[in-house]
Amino acid sequence: MEPESGVPNRRNPSQLCWVNLSRTLILAYQSLGVVYGDLSTSPLYVYTSTFVDKLETHRSEDAIFGAFSLIFWTLTLLPLLKYIFIVLNADDNGEGGTFALYSLLCRHAKFSLLPNQQAADEELSAYKYGPSASVAAPSPLKRFLEKHKKLRTALLLVVLFGACMVIGDGVLTPAISVLSAVSGLKVTENKLTDDELLLIACVILVGLFALQHFGTHRVAFMFAPIVIIWLISIFIIGVYNTIRWNPRIIQAISPYYIIKFFSETGKDGWISLGGILLSITGTEAMFADLGHFTALSIRLAFACVIYPCLVVQYMGQAAFLSKHLDSFQYSFYDSIPDRVFWPVFVIATLAAIVGSQAVITATFSIVKQCHALGCFPRVKVVHTSKHIYGQIYIPEINWILMILTLAITIGFRDTTLIGNAYGLTCMTVMFITTFLMALVIMFIWQKSVVVAAVFLLFFWIIEGVYLSAAFMKVPQGGWVPIVLSCVFMIVMFVWHYGTRKKYNYDLHNKVSLKWLLGLGPSLGIVRVPGIGLIYSELATGVPAIFSHFVTNLPAFHQVLVFVCVKSVPVPYVSPEERFLIGRVCPRPYRMYRCIVRYGYKDIQRDDGDFENQLIQSIAEFIQMEAVEPQFSSSETSSLDGRMAVISTRTVQSTASLVVSEVEEFDLSIQSSKSSTLQSLRSAYESENPQVRRRQVRFQLPPNPGMDPAVRAELVDLIQAKDAGVAYIMGHSYVKARRSSSFLKKLVIDIGYSFLRKNCRGPSVALNIPHISLIEVGMIYYV
């Protein structure tokens, strides 16, 4: 008889198909609120920005038909053809955006400038995502780029410039969206003055940024319905205006009207493209927010909902304008029938806020990724959702964005001027994405140079025309994103330069392991019970600051662990692959190395379990070293032994250690009899009750067959853990050498020093408990 378990298996394919379909539809529904908020609110200001200034003398039916034809083909060629059909295929483990493209390129071609990379990083499961690079021989162009460091630096600068433009987008989107939405109050019977409108817009903007710390997930359930109601509204109004005012507008889909438009308007028509390109602002979000959804769900939402709704709305607005040539200043609100004006106005304002919210969240994500690349100062990253990974809040960036947004809103007061800046920002990001995609087509998809060149030239010609028109608007507001990007680029460059110089100093001044071996297992000092975690950016070797500890401190911990927390060019590192454990010096020294790896989208959470995971990982390594000859033999052949990936998802009993959890209120300084330290401990625990929740105890399992040397080492490890853990860091001061040039002194002594003093300290960024921290000062002359 067939077992019962076999019955559901026959229905699995159809069930699986239905589950996948329903999941895709749900994701497509959610993407409307997160991904498309910005793109869907473009009809508020496109025609207004297009037909001001130069085109004021060309306001005719043919010009309006030509403008709609341009909008239609721009929407078709860039968002639909380029992004939906091509770019969305270039994901990095499901992640999108310029950083994802750069990460892919760094793994398949040696373009990475991250300093502490190792061969072991290439064994990560996420690292191997995409086609195998061994299928085809490396191209001459690839070898040329890999050989020249200046070209790799230029590539990183291009990516960072794109990131700076996205940050600029986070400033401009709220300003133009909210200001355009509230401008509808000027077409009502009780017309408000410009100052009153400005005050309302500023209040909404302050409220928007003030609510960021609650996290997107708190109001996410509202986002999609708002955008759907907005899209349905503009679709119905578009159909109504097309039928009511000028059904002939459908003919303008023909490219013939584009030719006619330029033949009539000439240079003025070309400059007006700076307004037309606003119809595709927010397109980059389709790719950048790919990690929260799937490519299929984003394609489905755009092709079935966004694209038809936007095309019909632009068509209806053009039909209305063709019969009302004096309504360009507030074209969207003038085209709304009077009976539904107020409901549409409210929905438009809400949709503008939703679109702004998505861009602000994307800005937080970009800053986090820049920091992972070593190109942005340390900032506080708050994870705002327990369920949706990747939703973060950065307080410092939030308030900087708010101040800049208010400054632009109050300074310009005009959506046309802000639109000029906004268009330049969006088109620059698209231009950079096209360039990176061409490299992906060659080096990762392994297509011919001809295919990549056709892709690059086709889209660069289109985007180049728009970009050139946007650059013509630099005096009229277009200078804003350039200035903002330059400021952020200077901050990123100074931080990256200073960090690399400090790392290179560490690299060239490592402590000689032969010197350590000469000191003997005691290192020439007293080894006291406890574990010392020595933090360094070096993935190999012993940092120079360790010699300061040995020569200046009379005693040191019985067990020493050199900890390196580093980023790797993948979006996420699974917990099973996060820890790399190795040995420094022979077994009697009780010195180990732990490398903790994070992806560029990983968030370092303070879950309070790091110490326990580390001890368990070292114990696993000691056991592994005893049974696997390649690790034990490395001790004699190499002073700095091989590293092993140790899986530690959760702290649990294993073959190496028995784990037990006990209620413990004596976590710090527990062996001290000093009344001062005891009072300090009780004060700390009263302020930090969460620290007192539990303590994990390790015990050796009864195993008569265990090697005595392994048992002795494990016993030492457990006793050291029970005695307490200290976190040891270097409090570094970086200064330029006296012989350095004036520019280098300016960058290091003023720029880099200012950023280090005003950003979060490394101990805070690494979630190190302050009461267990030991810092030793050291000056770096770079």
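Cβ coordinates come from backbone N, Cα and C, glycine included.
According to TrEMBL, the features are:
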{"type": "DOMAIN", "residues": "27-516", "note": "domain 'K+ potassium transporter integral membrane'"}
{"type": "DOMAIN", "residues": "529-780", "note": "domain 'K+ potassium transporter C-terminal'"}
{"type": "TRANSMEM", "residues": "63-81", "note": "transmembrane segment"}
{"type": "TRANSMEM", "residues": "153-177", "note": "transmembrane segment"}
{"type": "TRANSMEM", "residues": "197-214", "note": "transmembrane segment"}
{"type": "TRANSMEM", "residues": "221-240", "note": "transmembrane segment"}
{"type": "TRANSMEM", "residues": "270-288", "note": "transmembrane segment"}
{"type": "TRANSMEM", "residues": "300-320", "note": "transmembrane segment"}
{"type": "TRANSMEM", "residues": "340-367", "note": "transmembrane segment"}
{"type": "TRANSMEM", "residues": "388-410", "note": "transmembrane segment"}
{"type": "TRANSMEM", "residues": "422-445", "note": "transmembrane segment"}
{"type": "TRANSMEM", "residues": "452-472", "note": "transmembrane segment"}
{"type": "TRANSMEM", "residues": "478-495", "note": "transmembrane segment"}
{"type": "TRANSMEM", "residues": "515-535", "note": "transmembrane segment"}
Best-contacting stretch, by C-beta pairs under 8 Å, relative to the transmembrane segment (388-410) and drawn from 63-81, 197-214, 300-320, 422-445: 197-214
Most Cβ pairs under 8 Å with the transmembrane segment (422-445), selected from 270-288, 340-367, 515-535: 270-288
Stretch contact, the transmembrane segment (153-177) with the transmembrane segment (515-535), Cβ-Cβ under 8 Å, 3+ pairs: no
